[in-house]
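S.K.: Before I ask anything, here is the structure I am working with.
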């Protein structure tokens with residue numbers, strides 16, 4: 001069967017041009033469908049805010065077009081379908097039917113699908129930005145047809161929203177961008193480690209970072225501050241030492257080592273006579289981010305970790321109101337018990353009093369006997385506390401002499417101690433070592449590649465120790481942990497009434513970090 005239009009005429013040439021235009025239009029619609037629809041709204045917003053200059057421009061042109069994804073999809077598919085359906089009709093006019101079918105399939109497959117989709121997959125952002133004005137015209141032309149269909153899709157599938165990565169996916173995404181992954185990323189190992197640690201910190205609680213109470217270095221309330229105790233504190237190298245009363249788990253406060261600089265070891269002043277600070281108590285289920293936020297307020301950089309025995313008895317499986325109990329979680333103030341905070345009721349000032357102070361109405365007042373008092377408004381204004389507590393806050397001081405020993409609920413069992421350094425180590429996912437550390441990991445007893453020696457101690461302490469022969473024996477400091485022998489605690493032979501300066505026979509000093517242990521055996525035996 002011959003073609004309807006003879007070859008090489010004007011009509012024939014017009015049909016050929018139309019066929020080429022239809023193939024190009026179909027290919028453009030197919031390429032834009034893949035290229036534009038593969039660009040998520042979140043990806044475009046990221047490029048607009050933090051992409052390269054050219055990518056920002058391209059993403060800014062594409063975003064208004066891609067914003068209504070269902071409308072764009074319907075417009076591009078309608079245009080593609082019209083071109084593909086019209087192509088065989090024009091081919092049938094200039095070639096035989098069998099050749100029209102063969103040519104239409106070949107042209108659509110090669111130039112209408114494969115080539116444009118391959119190009120738009122690679123350069124989708126650039127091609128989409130160039131063709132954005134043309135797509136806007138198509139949206140207007142096909143609006144009467146595409147808009148109703150897009151609304152049906154919105155009703156059935158919902159409007160398209162940007163899909164955000166979950167936490168686990170985001171960590172994997174960051175790891176892929178590390179230079180160690182070999183995928184062309186430029187993130188260093190430290191950068192990926194810190195980002196991953198920041199993402200994982202939300203899932204970790206105080207129980208994951210604390211130092212067990214059996215490994216924490218602490219002092220008894222009635223410990224005499226003699227040469228032995230001061231040497232032990234010096235060799236441990238901690239800046240804060242918890243203080244307990246009778247039972248090692250009954251920690252009532254802490255003492256700053258810098259406050260002991262002026263102590264005369266010959267007077268053997270009891271520890272209870274020194275200025276001590278209150279120590280916060282945190283639940284073992286409290287997230288590390290909340291603990292870090294509390295530490296940043298300046299109340300304290302160390303806290304006692306307790307376990308609520310009542311919560312253990314009411315497990316989710318046996319509790320009748322397990323679902324409601326999860327909904328009614330404890331607040332941050334209930335998990336982080338800071339006795340150093342100021343009572344709110346003590347400093348509540350009414351709006352009228354504040355107005356009087358600001359307007360000067362409180363500058364003069366009358367006492368109970370009717371006498372005028374000048375400057376009372378100024379005094380009231382100065383008496384109002386500042387929002388930020390200073391370091392010398394009287395609420396943070398533990399007055400043992402004038403107040404009873406603090407007592408705590410019996411259902412709260414002390415299980416460990418946590419410091420700001422512990423939280424930072426979990427964030428960095430690396431151990432922070434200082435000059436006094438012997439072990440990288442106190443549980444696995446991995447030794448640090450540094451050796452503490454008596455030369456590291458101050459010369460004054462060394463000379464005093466050497467001159468006072470007989471006052472300190474090696475077994476007095478044998479409570480310090482050594483890698484080859486289990487630590488034991490023995491009382492001092494020079495004074496039978498002295499109490500050991502450590503709380504537990506198996507305790508290893510670790511106030512600054514759960515992975516930090518004291519100096520090695522040579523240093524403590526020399527002292």
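Each residue's number is its place along the chain shown, starting with 1.
Each Cβ is built from the backbone N, Cα and C atoms, and glycine gets one as well.
Pulled these from Swiss-Prot:
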- 1-15: topological domain 'Extracellular' (TOPO_DOM)
- 37-70: topological domain 'Cytoplasmic' (TOPO_DOM)
- 115-126: topological domain 'Cytoplasmic' (TOPO_DOM)
- 148-527: topological domain 'Extracellular' (TOPO_DOM)
- 274-334: domain 'CBS 2' (DOMAIN)
- 315: phosphoserine (MOD_RES)
- 358-369: compositional bias 'Basic and acidic residues' (COMPBIAS)
- 366-435: domain 'CBS 3' (DOMAIN)
- 464-501: compositional bias 'Low complexity' (COMPBIAS)
- 502-515: compositional bias 'Polar residues' (COMPBIAS)
- 518-527: compositional bias 'Basic and acidic residues' (COMPBIAS)
S.K.: Would you mind splitting the topological domain 'Cytoplasmic' (115-126) into helix, strand and coil residue counts from DSSP?
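M.R.: Summed by class, the stretch gives 11 helix, 0 strand, 1 coil.
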S.K.: Residues of the same chain, at least six outside the topological domain 'Cytoplasmic' (37-70), with any C-beta under 8 angstroms of its C-beta?
M.R.: 121, 124-126, 128-129, 132, 135-136, 139, 149-151, 153-154, 157, 159-164
S.K.: With a Cβ cut-off under 8 Å, give me the same-chain residues at least six positions beyond the ends of the topological domain 'Cytoplasmic' (115-126) that come close to it.
M.R.: 27-28, 30-32, 34-36, 38-39, 47, 55, 58-59, 62
S.K.: For the domain 'CBS 2' (274-334), report the average pLDDT of the model, please.
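M.R.: Result for the domain 'CBS 2' (274-334): average pLDDT 74.
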S.K.: Give me the DSSP three-state residue breakdown of the topological domain 'Cytoplasmic' (37-70), ordered helix, strand, coil.
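M.R.: The topological domain 'Cytoplasmic' (37-70) comes out at 27 helix, 0 strand, 7 coil.
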